[in-house]
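Here the structure is laid out as structure tokens; the discussion comes afterwards.
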Amino acid sequence: TFLTPEENGHVTSLWGKVDVEKVGGEALGRLLVVYPWTQRFFESFGDLSTPSAIMGNPKVKAHGKKVLSAFSEGLHHLDNLKGTFAQLSELHCDKLHVDPQNFTLLGNVLVIVLAEHFGNAFSPPVQAAFQKVVTGVANALAHKYH
């Protein structure tokens, strides 16, 4: 794995306390608010007209949970992220035509949401470990792009 044993401990310890539904919905919602051009992939989700509409949108929350559940699964396979995310990479590349840069943006937003939720427990070493993970996941998701 690309994490040191200490970093792996930080990630495992904190992730056990993460509310996947809440954090996932918030992270995807923030992505759509902060980077409005990402909304074009979610036009079927209904009202995305204001930040409060986005953050309260049940479809955004549900998809955010789905995204973070997949991320959570990836944490069990840090030694094979490309294999773990191969199908999702293909889907987002070939079918949805998502700009792979969006995976990096979402990873960075996730780090911000975790910092907000965990405060002082999200120390610089913990942040550094999570930054490595979200970068690894973003790279794995971008893997199928030509």
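Each Cβ is built from the backbone N, Cα and C atoms, and glycine gets one as well.
Listed in Swiss-Prot:
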type    : residues     : note
BINDING : His63, His92 : heme b binding site
DOMAIN  : 2-146        : domain 'Globin'
MOD_RES : Thr12        : phosphothreonine
MOD_RES : Cys93        : S-nitrosocysteine
Count of other CB atoms lying within 10 Å of the CB belonging to His63 (heme b binding site): 18
Secondary structure tally of the domain 'Globin' (2-146) (DSSP, helix then strand then coil): 118 helix, 0 strand, 27 coil
Neighbour count (Cβ, 10 Å) for the residue listed as 'phosphothreonine': 13
